[in-house]
Amino acid sequence: MAIVLGPNQFGKAEIRLVHVDRTSPVHRVTDLNVSTALRGDFAAAHLTGDNSHVLTTDAQKNTVYAFAREHGIGEIENFALRLARHFVGSFPWIGGARVEIEQFAWERITVDGAPHDHAFRRAGAEKRTTVVTLHGDSAYVVSGLAGLVVLKSTGSEFWGFPRDHYTTLAETTDRILATEVTARWRYARADLDFGPLFTGVREALVSTFARVHSLALQQTLYRMGETALTAYPEVAEIRMSMPNKHHFLVDLTPFDLDNPDVVYQVPDRPYGLIEATVTRDDAPAAGPSWTSRDLD
Ligand SMILES: O=c1[nH]c(=O)c2[nH]c(=O)[nH]c2[nH]1
């Protein structure tokens, strides 16, 4: 029996970075959370404490800030690709890098009907995300969004499910459908125009949620993914996680009031959790695209 070192990586997690573009009096704010991780030959550090291959997590953090100053940010996918390529090019024993970025949206405050030059408000809880994985010369880009909360006040049914001993749920032909979308989509290539693609995929997801008359959240999820893949051949695969944010009618009969689908209670837990991957059958191989921060 021997004990051996398994897959490993190390980096700086959650580097918070705000970049202000002051090249015009109309400032632009970019607000990021960046996590880096390096892969390669780091056995000695783990096995004997020999740090001669360790590009410190402190240096990785410094690189992120310095690159933001030297080259600006641009689209988060391109910023992540620049960083990953730098790390992999810096020492021969660094064979791969994973750079994950979350971007928080800020919108201009409107003053006297006009957008302000340098005053902003956070635009909700929604985040744009990317994970760039470099494996030698091969680059893999997975982009997405999280915290996109959507609701339909009608146009959703749920019936036709089997009834076992424990099934109590009533069938319904009209219910509220609400969810918080986490979507991550894998691009087929790394040399794309990522800004318009993000906007387009997001719009495909949101408009399909609105358009589809839902028979199940599962059906809505699939149709959202299918629409995005149909519209954007650059997207190879999309993975979605959508909690069913249940809305329950309140029983108002103790107060001699009816409740014709007007007043709901919204417990935040438990929630149904609907998750699926929608993919092309001819998608290029995913490689290490989905390897997480936890090395799964
Ligand atoms: O759209 C739904 N899918 C389910 O699988 C499910 N299960 C449940 O109790 N309600 C719902 N709604």
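The backbone N, Cα and C atoms fix where each Cβ goes, glycine too.
These numbers come from a predicted model, not from an experiment.
Take the CB of Lys12 (active site, charge relay system) and look out to 10 A: across all protein chains shown you find 18 other CB atoms. Taken from TrEMBL, the feature active site, charge relay system covers Lys12 (among others).
Thr57 (active site, charge relay system) falls within a helix when secondary structure is assigned with DSSP. Look at TrEMBL and you will find Thr57 (among others) tagged as active site, charge relay system.
Annotation note: His246 (active site, charge relay system) sits in a coil segment as assigned by DSSP. The Cβ of His246 (active site, charge relay system) lies under 8 Å from the Cβ of Val266, Pro267, Tyr271, Gly272, each of these being in the same chain and 6 or more residues away along the sequence. What TrEMBL lists as active site, charge relay system is His246 (among others).
Look at Arg175 (5-hydroxyisourate binding site): DSSP puts it in coil. The 5-hydroxyisourate binding site annotation in TrEMBL covers Thr57, Phe158, Arg175, Gln218, Asn244.
Annotation source TrEMBL lists O2 binding site at Thr57, Asn244. The number of other Cβ atoms within 10 Å of the Cβ belonging to Asn244 (5-hydroxyisourate binding site), over all protein chains shown, comes to 18.
Taken from TrEMBL, the feature urate binding site applies to Thr57, Asp58, Phe158, Arg175, Gln218, Asn244.
Close contacts with ligand 1, defined as a Cβ under 6 Å from any of its atoms, occur at Phe158 among the recorded positions Lys12, Thr57, Phe158, His246.
Residues within less than 8 Å, Cβ to Cβ, of Thr57 (active site, charge relay system) and separated from it by at least 6 positions along the same chain comprise Phe10, Gly11, Lys12, Thr36. Counting in whole angstrom, Arg175 (5-hydroxyisourate binding site) lies 51 from Asp58 (urate binding site) by their C-alpha atoms. Cβ environment of Phe158 (5-hydroxyisourate binding site): Glu171, Thr172, Arg175, Leu215, Ala216 lie under 8 Å away, each six or more residues apart in the same chain.
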